[in-house]
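First comes the structure, then the notes that go with it.
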Amino acid sequence: MPIDYYLNIAASGLLTGLVYGLAALGLSVIFGVVRVVNFAHGEMMVAGMYGAVLLGGWLGFDPLLSAPLMAALLFACGWLLQRGLVNKFVERPEHMQFILLLGIATILVNAMLMLFGPDARNVQVPYSFDTVEIGSMLLDAVRLRAGAAAIVVAAALFAFFRFSRTGKAIRACADNPLGARVVGLNIDGLYALTFGIGAAVVGVAGALMTLLVDARPQLAPEYTLLSFIIVIVGGLGSLPGALLGGVLIGMSEALAGFLLTPSMKSLFSYGVLIVVLLLRPQGLLGKRS
Amino acid sequence: MSGLSGVMFSGITGRGMVLLVLAALGLAVAPFVADRYLVSVLTTVLWFAYVGQAWNVMMGFSGLLSLGHALYVGLGAYVSAALFVHFGIGPWAGMVLAMLVAVVAGCVIGFLGFRFGVKGVHFALLTIAFAEVARIGFDHITWVGGSGGFFLPVEAGASDPLNLRGSPVLFYYVALALVVGALFLSRALLHSRLGYQWLAVREEPDAAEASGVDLFRARMTAVAVSSALTALGGVFQAFYFNNLFPEQVFSMGRSIEIILPAIVGGIGTLVGPILGAFILTPLGEALTFLIEAGGLDLPGLKQLFYGAALVVIVVFRPEGVWPWLARRLRLVRQPGEGA
């Protein structure tokens, strides 16, 4: 019986971790190509959450249905942000980029606080209390759907980068910006596209997240840090690493929340981060630069 | 002494000197002419100018981006408050231990970071991670109140400067002394052998190392000086506000507030953090005042403004307001460093 208990917790941690991993994937894509750390990542994610909450409230949309809409909206925002502001900072010192995005993050999170207030808001779905039995495990229907959707989106993203011409062009940009420019690629356009894709991915992750937790503005900085932790644990610039890191952090959080007190679960993630930074600074699946 | 004053005031034009004296005089007599509210605002300004100056030692002088300076504020505050509440040890003695604890924390982070080659973004994240660990950790330390907060005993009308208990005017002058002290210390450090090493490490680490600078030592001393100074700001905060909550003291938002004055005023300059604090805090106060006068309740507007200020500054005046102002008004002989 106790083993089943732990299996159950690990499995639900894994499913939550897939959504975390998806969010981190967006961060990883942006960093891997544009070489800018998106400090407003969690803020974008919570924007995606509020989008799903609003669509659910007004039109009764399921978060799974809101997800593609949020992807489109955040793609546009990310694209504009890169075109309008971030692109000017690509060549600037690292701390300048950091400060710029920190400012944008601060604006976003407080704008959401003013618009939606500090209270938690959620989406009603008919299957919110359903459970699915798999073997001896009992899993929440919401968690299963969120995890499955995260896998689908991540797979689509991998396929895009692997097989499409644009995806290959973006990877060329990431590997060698100068070389990419020499062969005639429109670097600025591809950067904007990449930032848009990263934002769209985190928007989807946000919409899916509403299945699991209630939307609050205070979540934004937490998710920014969480995405960072995951990306660093998995390896900066490595897409499979981000997903793996997400699953790892999700499972360790779930187990820590169960074994210790829930309020100490994020302590565990920071512990994992510090250990990885020291023992393997390039991350689990990252390459040494 | 002429050597010291030569270092302290070199490079300032006549005009700059007049302005400096006027500003010093104005701040010295401010409590006699200003009302209670204004004194409290000025105290806040001075506090941010001070911790901004302390942060500047790491980022501005040595190029080490710390986004977790709330950690040192919090450690300084909690250590001195715990000594006072539990053992009756006053802040003047307690600050020694407070600074020591912060320096040890800073050196642990620095050691881990520099020995294992954690650089740039990663180093900044390491500093955030430690501050967050402290925030969550202190939430669970019941000896200092946990998440419910830690309170210092308050007696109405108490006047006991030896224990830093007294009127707002006392705190104003303590804050002013901190700012002046940090300014002179920074200036002296910048013109010392160590200061030149810091600048070299900031600009070209490889070249600095090649010419014999011990990178590890230079960076570690920068972290130590910065964390010790910041911890003093924490001691002040504990005895000024008399309450501490891990959620506020160690928060990421606090760390950002600490870096704002230096960024707005000018990273790596001596006057920058002070000027930045004098720009930001009054603007924030004015905004709060306007919102309240308008009968609106908009939490977050002030922070939104700070975010916008960050973006505007970093886009239009990336080097900060002070270098630009000093050039325009010809306050210093050479553009760039110094007051």
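Just so it is clear, glycine is given a Cβ too, placed from its N, Cα and C backbone atoms.
These come from TrEMBL:
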- A:6-32: transmembrane segment (TRANSMEM)
- A:44-61: transmembrane segment (TRANSMEM)
- A:67-86: transmembrane segment (TRANSMEM)
- A:98-117: transmembrane segment (TRANSMEM)
- A:142-161: transmembrane segment (TRANSMEM)
- A:190-213: transmembrane segment (TRANSMEM)
- A:225-249: transmembrane segment (TRANSMEM)
- A:256-279: transmembrane segment (TRANSMEM)
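Non-local neighbours of the transmembrane segment (A:67-86) in the same chain are 34, 36, 44, 47-48, 51-52, 55, 61, 97, 100-101, 104, 149, 153, 188, 191-204, 206-208; each lies 6+ residues outside the stretch with a CB under 8 Å from one of its CB atoms. Ranking A:6-32, A:44-61, A:98-117, A:190-213, A:225-249 by CB pairs under 8 A with the transmembrane segment (A:256-279) puts A:225-249 at the top. Of the ranges A:6-32, A:142-161, A:225-249, the one with the most Cβ pairs under 8 Å to the transmembrane segment (A:190-213) is A:6-32. When Cβ-Cβ distances below 8 Å are used as the criterion, the transmembrane segment (A:225-249) is approached by residues 14, 17-29, 31-32, 37, 41-42, 45, 154, 157-158, 161, 174, 202, 266, 269-270, 272-273, 276-277, 282-287 of the same chain, each at least six residues removed from its ends.
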